[in-house]
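Structure first, commentary second.
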DNA sequence: TTTCATGCAAATTCTTTGCAAGTTA
DNA sequence: TAACTTGCAAAGAATTTGCATGAAA
């Protein structure tokens, strides 16, 4: 999803292209990571001029409605974290030792979808698979 | 996990058996469901005398440390929800139409564990699998 | 009786909202 | 120009914390 695609999605929904929206999107693209609203605001501030936190929240909420981004709440972190929507976004490996959050790209999510669609009559819209544990490096260090 | 088991876990950790702790545990057992802290407080009030919300939070946090309960945040509900820990607790089916939250008890979580432990060197501690979509009843109604 | 837990109220953190001023189309 | 957005500040919701009183061991 490029910046131009985003502009097209916004326009299609009757929304305007504004500096805050462009800047928030750029911050999320650069990050390639899960950011809290405050982190997004901080990164925007470094690049462009500042964007108010309230506007960041409004922008993220809008993007979520347009399915451009997703919010997730990992572990017991009280703050919501945002990331750009892409097919494997919904599979998170969280290391409880070093704190790394990995987007594990694999076939498991599809397995889950197939299992549910096939046997349970449940129409799957979103799969959010969060696994907590110790990544290979940390598991090796403590073993 | 019976009430007696819980008392044993508390004692083993050097914690006292108190009315609020007993009452919160009972509420969670009765519910067999995901409850917010406020819902726990409300249910306790119906049974026993009231327990302060702050104490409910402190109790839930303690139980979480003792791995007696788990907290999860489903969808974009801002409130944390608590439930008793048991092997299949970590598989949630959330219907976006009727709002039903189902504990789907099945083999998928184990599949995820096996997959990761086997191929990725990731030591799994917790799997949280949340699927959003439409349950059989609601999918049929809108189809 | 000594230490731990509770209740109450105030404080924090994250997020949302009202409204006037600034921007986009 | 007309409608949509932003920034600012205040409001809200969920959760945490300080401290004196009360209860458990």
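Don't overthink the numbers, they just go from 1 along the chain as shown.
Backbone N, Cα and C define each Cβ position, glycine as well.
Quick caveat, the model's predicted, so the values are computed rather than measured.
Residue A:95 (Zn(2+) binding site) counts 21 other C-beta atoms within 10 Å of its own C-beta, drawing on all protein chains shown. Secondary structure from DSSP puts residue A:95 (Zn(2+) binding site) in a beta strand. Taken from TrEMBL, the feature Zn(2+) binding site applies to A:95, A:98, A:135, A:138.
In the shown protein chains, 22 other C-beta atoms lie within 10 A of the C-beta of residue A:135 (Zn(2+) binding site).
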